[in-house]
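Asks: Dumping the structure here so I can ask a few things about it.
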Amino acid sequence: MQWRSLVLGLLLLRLGLQALLALLPALAPGLCLRRRFPFPFPPPPAALGPPAAPGRGGGDGGATGGDEYERRYSGAFPPQLRARLRDAARGMFVFGYDSYMRHAFPRDELDPLHCRGRGPDHDPSNLNINDVLGNYSLTLIDALDTLAVMGNSSEFQKAVKLVIDTVSFDKDSTVQVFEATIRVLGSLLSAHIIITDTKQPFGDMTIKDYDNELLHMAHDLAVRLLPAFENTKTGIPYPRVNLKKGVPPDSNNETCTAGAGSLLVEFGILSRLLGDSTFEWVARRAVKALWNLRSNNTGLLGNVVNIQTGHWVGKQSGLGAGSDSFYEYLLKSYILFGEKEDLDMFNDAYRNIQNHLRRGREACNEGEGDPPLYVNVNMFTGQLMNTWIDSLQAFFPGLQVLIGDVEDAICLHAFYYAIWKRYGALPERYNWQLQAPDVPFYPLRPELVESTYLLYQATKNPFYLHVGMDILQSLEKYTKAKCGYATLHHVVEKTKEDRMESFFLSETCKYLYLLFDEENPLHKSGNKYMFTTEGHIVSVDERFRNSLWQDILPGEEDSAEKIKPNELKAVNFSSNCNRVPDERRYLLPLKSNYMRQIDRMVGLI
């Protein structure tokens, strides 16, 4: 009988506590009870408990699960919390940047665990390091425009002077053409544009007695990259070049589609600023050569090609590593330069991606079947090649925002966010069939943050502020090290690697900061800006619409139809997926049952 009395007593105690909790809202004014937002982060999502599993056939899975998501994501986002998160994102950048300057400069990268610098090791087999590091203070250069975006004029001016005074590209360093272009060339051009902007929207970023030094440095670097485009039968460049000696004698004849076909934005800007068509021409020739090698059957491109024969060595067609920024730059080249052929290529590519790579139900937010997912297929047959996606693919929802395909972007973003919620990071490769990482490291990549930021700008839905808060919290909790932020060696075990890649400061911190900084001049100045694939900002204006490249491509003048800046809205061409209506912005971007369905897809519930 004693156990019955004990159970009855516990039941009565529980009922009493529930009654008291029910009365608290009414008593709160008299008791001065109010919700306090912890600084800088709220409790982790796990504190909410797992959402209820969805019912079969798209049912709502019970009211409790729906309420769980509503409470977690659809409430108002207090301005005070947003300001604290903005400051926390700035603090994250400052800690990483100051640690680099204190412990690593003038070397390329920071080793955040041992508080020391890292440069190229000149081991030809160690491409992961030497493709990126050129012995030219990479992290400092890559971070320049982030300093400006955050309004730190004094440090921006100091950093620019350091680059001008200490950096030289006359180095016996063999670097990947793609990485040197997007990280170094792109940042030099972005900083030059910021310095010479007569409006100075970010504060006074001018440099006393500035004589276009950054532009001259960009020109010097690009000239050193040009040998990669020589002695190639297809016009597709070699993947690597020595900054002093040119293409190495034992250079590989194979390159990836993204590496060879994602140079047009930076090379095009340089050509148009200098009035020299050479750089844009070689980049355009490479893009067209790749485009002409697409499959006649599917219209898809592979991910690795032989630059001499044009033979596809890698026949995988996907949206991740090896392919991602090729598609991104078809669209962004059009946005920046207004060349209609760039948009035509992008439209065809996007249509073929939808036809052959997209799996799942037709409508993102309703209907039967699995939520949509973009998979890796054989470029010639469209048949599935494997069951993994990689973290670089998380950029694609942001690209879909730029073309107006917001509904599909919302659904795809939710898939990557569900993986993030499960691990507190995105594994480099995730096997969606096994619901487990194939490659478990996370090098502080920005792609999910980028898409989160762009989706918030498109929808103003506070859901994406909650997502950004989760990402910021995870980075702070799992990747912060003694001197900066470290790569996660294993997203499950949370072990660290001693490396902070430069894109953490140039992209990850920048997008997080902008997500929470509603009043940033980038949003309010009236100027139009575009982000490069490395997150560098460039202004979209008339001076980049004066084309020079036709001068050495005779016969193409008539076909190169121009788009004027005020016609840029044409990029939002989607027929059935437009900007999210105002009345829906403060609802969950996905219905609760479909959010749970996506969580279930990745094994979160």
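Placed from the backbone N, Cα and C atoms, the Cβ positions cover glycine too.
Where the annotation comes from TrEMBL, it is an automatic prediction and has not been curated.
Since we're looking at a predicted model, the values are computed, not measured.
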Asks: In TrEMBL, one of 44-70, 98-124, 233-259 is tagged region 'Disordered'. Which stretch would that be?
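Replies: The listed stretch tagged region 'Disordered' in TrEMBL is 44-70.
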Asks: Given the recorded positions E179, T533, and counting only Cβ atoms in the protein chains shown, which has the most within 10 Å of its Cβ?
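Replies: The residue with the densest Cβ neighbourhood is T533.
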Asks: Compared by Cα position, which of the recorded positions E179, E428, T533 is the closest one to D324 (active site)?
Replies: T533
Asks: Only counting partners 6 or more residues apart, tell me which same-chain residues put their Cβ under 8 Å from the Cβ of E447 (active site).
Replies: S391, L392, Q393, A394, F395, G398, L426
Asks: Out of D324, E428, which of the active-site residues is least crowded by other Cβ atoms within 10 Å?
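Replies: Lowest Cβ count within 10 Å among the active-site residues (D324, E428) is E428.
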Asks: C-alpha of E179 (active site, proton donor) to C-alpha of E428 (active site, proton donor): distance in Å?
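Replies: The separation of the Cα atoms works out to 18 Å.
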